[in-house]
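The structure appears right after this line, and notes come after that.
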């Protein structure tokens, strides 16, 4: 940068005498400075190069520190020791001092350059200038003590990132009472505004976090599947529909307010090939929405099929997947799920196998592991990680296993000693994919159910939460809210959260006070206390109970005395005795009993003498041919038997 000398400036830019006379002063003070654009551009280029070099050095130092931490983690336990952290901190401080010294040297070299801008005040020029401050653009760095504090904060943040247990939001909890029976289904919409619960009591209840207060009451309760247990509830990826899977053979889809949108059709159970039916023919187990395609979902059933459906076409399924054993026989799928991108369909079967299909190829599975869990047990849950490469399975053999679908020939890890007694016990991944969560079951009065956390990288049991004195059936870790929902075997649903780590959800309703119940306005009859009131307004004095009962006994209305029979003609809607009117007398006489109890032989012989004296019918016909009446002779049975032939006689 060029500065004009005093001699040059006096000739070129001296005061104009005419202007001085007009304005009343002799000069304008200091002279304007000139700037060299090329020098300014060169200075800017140097600054950019220096900053990029510092950024690259910082990245290299960070990579070296990460490599050192990985080596220490492999050689030592899970948590880094204090000595290792001190060494790393000392190394980082020494490297920072080296870089600061090199930066000071370079800045001192560049301090010889000329200044840019107007001249500094006199006080600042007289003060000693730190060579570190000349080449710095922007605000000055903080003191050394603050640097040390920031380094400590960074170390704390890195330790928190390394230790995923600190990210578990379990400092606070709320309890939602669904009912008295097992909470077998949980669902939370993608935004985290509404929670839906279902249980063995056939009820589905809706909970709105923004609308609830500290009483935690559901705003709607219904029974969408009548007398069938609710097995699965899941919101669609848009949050406007809920898939309801119950113990029946027909799944239902309802909207956010509980109104039915569609119901799957039931298939023909008399057809052998289940692919030729239009729907399921046996009890359902679970269901799942497609993560990408709106309106598509999947169900599995006891008819040994996994079917995909569309909301727009409830009269027939979209496709059918038929799990098979290695011998080609039918096998019942107990749970199913989509991968995170929706390209794969995974199902766990009763023979202990896990089968994975390509969604567009329904014939043969893409992956098939036949002994994933013990045969004859119900695998209750399979779920994919958020990165889509790892599959977790919760078996009925009290195990939790982790699988890599890129090498689906053996499990990566396996954890045992996790009892389960429900066919819908859940397992899920944390939002950062570093933890796996599942629940345990207990007998009544034999302990408390737990929520167990495993680290995905080492599969070590790193944390446990005692939920309640009942089994833990369902668990759900919402990625947006960072809150954990748990369904238990005693009808409770619990929500775990941390005010500092969680968002919205349970935090919205905890701060609201419970509304006071409105007192019902009851109208009571006022007593007339004045003793000299009119008789029609006067009320009787309160008597003793015994006297009041005796008086009520004499009252036919209060004692419910039966009505006496009506004498004479009927009245008051009651029929009187017979014969009171002409019509009743006629009816009574018509309906008389006229049965003849006389002897018929005597009645005939009564007319025998008259018939003999005055024959009219039979006797005149025989008067000439047979004037004397002849009767047949009575023969004994012995004579009849004698006249019979020998072959007709009875043998004794």
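Each Cβ is built from the backbone N, Cα and C atoms, and glycine gets one as well.
Copied over from Swiss-Prot, here are the features:
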type     : residues : note
REGION   : 1-22     : region 'Disordered'
REGION   : 45-171   : region 'Disordered'
COMPBIAS : 103-115  : compositional bias 'Acidic residues'
COMPBIAS : 146-162  : compositional bias 'Acidic residues'
REPEAT   : 178-217  : repeat 'WD 1'
CROSSLNK : 294      : SUMO2 cross-link
REGION   : 538-577  : region 'Disordered'
MOD_RES  : 577      : phosphothreonine
CROSSLNK : 588      : SUMO2 cross-link
CROSSLNK : 594      : SUMO2 cross-link
MOD_RES  : 619      : phosphoserine
REGION   : 629-652  : region 'Disordered'
MOD_RES  : 636      : phosphoserine
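Here the features listed in Swiss-Prot are painted onto the structure.
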{"residue": "294", "record": "SUMO2 cross-link", "DSSP class": "coil"}
{"residue": "588", "record": "SUMO2 cross-link", "DSSP class": "helix"}
{"residue": "619", "record": "phosphoserine", "DSSP class": "helix"}
Exercise. By DSSP, what is the split of the repeat 'WD 1' (178-217) into helix, strand and coil residues?
Worked result: 0 helix, 17 strand, 23 coil
Problem set entry | Rounded distance in angstrom between the Cα atoms of residue 294 (SUMO2 cross-link) and residue 619 (phosphoserine) | 109
Exercise. Other than its own, how many Cβ atoms are within 10 Å of the Cβ belonging to residue 619 (phosphoserine)?
Worked result: 14
Exercise. Taking just the CA atoms, what is the gap between residue 588 (SUMO2 cross-link) and residue 619 (phosphoserine) in Å?
Worked result: 46
Exercise. With every protein chain in view, how many other Cβ atoms are within 10 Å of the Cβ of residue 588 (SUMO2 cross-link)?
Worked result: 11
